[in-house]
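> Right, I'll just put the structure down here and ask away after.
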Amino acid sequence: MRLSTSALVLGAASSAVAFDQKVLGDLKKPAIDLDLSSWLNFGEEITAEAKAVWEEVSMLAPDAVEAFKKQVIGTKPKKANRRPDNHWDHVVKGADVQSIWVDKNNEKHRKVGGRLDNYNLRAKKVDPSKLGVDKVKQYSGYLDDEEQDKHLFYWFFESRNDPENDPVVLWLNGGPGCSSLTGLFLELGPASINKKIEIVNNPWSWNNNASVIFLDQPVNVGYSYSGGSVSNTVAAGKDIYALLTLFFHQFPEYAKQDFHIAGESYAGHYIPVFANEILSHEDRNINLKSVLIGNGLTDGYTQYEYYRPMACGEGGYPSVLSESECQSMDNALPRCQSLIKGCYESGSAWSCVPASIYCNNAMMGPYQRTGRNVYDIRGNCEDSSNLCYSGLGYIAEYLNRQDVQDALGAEVSSYDSCNMDINRNFLFAGDWMQPYHQVVPNLLEKIPVLIYAGDADFICNWLGNQAWTNKLEWPGHKDFKNADIKNLKVEGKEYGKIKTSGNFTFMQIYGAGHMVPMDQPEASSDFFNRWLGGEWF
């Protein structure tokens with residue numbers, strides 16, 4: 001996840017769009033309706049606090065607000081050159097899969113539910129010897145939404161161990177707008193890229209005992225592209241369901257395995273909705289067994305309360321702010337939470353956008369202005385041009401090589417680790433502060449949920465993640481809140497704490513920032529394998 005204090009205020013109007021957003025409760029309806037005329041009467045739809053924030057932005061950037069009123073500014077489409085179907089080893093037509101019927105309880109049913117006729121899946125076998133990322137079987141390709149001109153890129157790695165029986169995991173990075181190939185090469189995939197742009201094997205890769213799909217989503221992220229854009233989590237969920245359905249149809253040898261979704265950061269938004277979308281289809285070929293969210297943003301109302309404690313010495317690391325700065329964050333919290341509450345209650349972008357603008361500036365701004373790494377409170381940014389990490393630059397250089405793009409079938413003209421247009425689109429669609437934690441109880445009725453957090457992260461810190469899991473209202477709330485906290489160990493060495501009850505588990509991982517598998521590879525491999533093995537559920 002990347003946040004820019006100045007961009008949030010001064011870029012507000014120039015990047016914004018006028019939205020009428022549906023209330024979250026109905027996840028089957030499109031979340032967004034464009035309505036430019038709504039600017040004229042939006043003051044009747046939002047709280048006085050939210051309106052005041054809009055007025056503050058108007059004073060800071062009047063020209064930008066005028067531009068906001070007049071036009072919708074969307075994501076610039078990526079330049080792409082679609083490869084012909086004969087380039088691919090497999091082309092799966094969603095309409096064909098949608099038309100398959102089977103007998104069930106003496107009645108005819110579609111084999112898999114959901115609308116698929118606008119989707120197609122393309123796949124090619126990747127020659128491991130060409131790239132040297134791993135020796136295992138690999139596929140890459142695109143999910144195409146032909147109706148919406150959306151094309152999502154994925155890269156699949158088979159398990160190094162027992163692919164016929166090991167589970168399958170979908171990995172999602174956050175942002176919103178950051179490529180999941182970051183997770184592949186910087187965190188948990190079979191290899192990393194060094195400063196010489198060379199492949200380096202990762203002995204702690206998550207595909208040691210699981211097959212892993214790395215997906216660039218939403219569109220216009222990484223190798224994915226579109227003539228349009230996606231600016232809300234619910235819409236993106238339909239694409240994920242289609243991708244998995246068509247992938248498992250083409251490769252049924254993986255469909256019989258257990259399936260899990262894992263991710264970090266803004267995936268705290270994505271994963272509850274994506275899992276809920278999958279579970280909503282009774283007839284499906286996706287054997288979803290659990291979800292894992294690392295250092296996620298899921299419940300803004302609760303989590304934003306813990307930026308001040310984390311920055312001011314209450315999260316296990318020394319304070320990085322002065323007393324007066326800490327006090328100013330305390331003073332700002334009531335207004336921040338009031339704005340978020342208004343967003344939760346209305347679901348309207350007119351309420352949710354001011355909440356994001358005000359809270360990000362008031363609760364994150366003081367920390368950001370120190371120059372410290374928002375993803376790791378232990379130090380400063382090593383590379384401000386690459387979200388604090390030089391490794392992102394190495395990855396981008398590698399993935400922009402023509403031989404790499406040809407080997408994978410990539411169709412875009414360039415690769416970027418993060419697309420900040422997407423980040424702004426989600427923000428100004430009101431998606432940022434939506435209460436996606438309210439979807440989690442529905443998941444807990446059906447599957448286990450793991451929330452893990454590196455304890456040195458600031459931006460989605462462990463204090464906030466611990467707090468929202470303790471506060472979440474679900475039938476097992478009391479038992480979970482009162483559950484014993486136990487040590488996590490590998491090879492006799494303690495690396496964290498765990499609390500688990502029923503289908504809900506929370507982990508605090510020591511000495512790790514926002515990207516736990518990067519900072520603590522052995523520890524993350526340990527809890528990942530134990531989780532997939534069902535130790536805590």
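Glycine is no exception: its Cβ is also placed from the backbone N, Cα and C atoms.
Here's the feature list from Swiss-Prot:
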type	residues	note
SIGNAL	1-17	signal peptide
DISULFID	C178-C418	disulfide bond
CARBOHYD	N209	N-linked glycosylation site
ACT_SITE	S265	active site
DISULFID	C312-C326	disulfide bond
DISULFID	C336-C359	disulfide bond
DISULFID	C343-C352	disulfide bond
DISULFID	C381-C388	disulfide bond
ACT_SITE	D457	active site
CARBOHYD	N503	N-linked glycosylation site
ACT_SITE	H514	active site
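Distances, neighbours, how buried they are, the whole picture for these features please.
Annotation for N209 (N-linked glycosylation site): same-chain Cβ neighbours under 8 Å, separated by at least 6 residues, are S159, R160, N161, D162, D166, N529, L532.
In the three-state DSSP reading, S265 (active site) counts as strand.
Residues near C326 (disulfide bond) in space but far in sequence (CB under 8 A, at least 6 apart, same chain), listed by position: R308, A311, C312, S319.
DSSP assigns C336 (disulfide bond) to a helical segment in the three-state reduction.
The number of other Cβ atoms within 10 Å of the Cβ belonging to C343 (disulfide bond), over all protein chains shown, comes to 31.
In the three-state DSSP scheme, C381 (disulfide bond) is classed as coil.
Other Cβ atoms within 10 Å of the Cβ of D457 (active site) number 31 in total over all chains.
Counted within 10 Å of its Cβ, the other Cβ atoms near N503 (N-linked glycosylation site) come to 20, all protein chains included.
Its own atom aside, the Cβ of H514 (active site) has 27 Cβ atoms within 10 angstroms in the protein chains shown. In the three-state DSSP reading, H514 (active site) counts as coil.
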> Three states by DSSP: which one describes C178 (disulfide bond)?
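Note: C178 (disulfide bond) is in a strand by DSSP.
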> Can you tell which of C381, C388 has the most other C-beta atoms within 10 Å, given these are the disulfide-bonded residues?
C388
> Round to the nearest Å and give the CA-to-CA distance linking C388 (disulfide bond) with C343 (disulfide bond).
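That separation, Cα to Cα, works out to 31 Å.
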> Which ones, of the recorded positions C336, C359, C381, C418, N503, have a Cα no more than 10 Å from the Cα of S265 (active site)?
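Checking each Cα against S265 (active site), there are no hits.
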> Which residues of the same chain, at least 6 positions away in sequence, have a Cβ lying under 8 Å from the Cβ of C336 (disulfide bond)?
Y304, A355, Y358, C359, A362, M363
> Express the distance between the Cα positions of C352 (disulfide bond) and H514 (active site) as a whole number of Å.
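Taking the Cα atoms only, C352 (disulfide bond) lies 25 Å from H514 (active site).
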> Compared by Cα position, which of the recorded positions C178, C381, C418, H514 is the closest one to D457 (active site)?
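For D457 (active site), the spatially nearest of the recorded positions is H514.
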> So of all those recorded positions, C178, C343, N503, which one's Cα sits nearest to H514 (active site)?
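If we rank C178, C343, N503 by Cα distance to H514 (active site), first place goes to C178.
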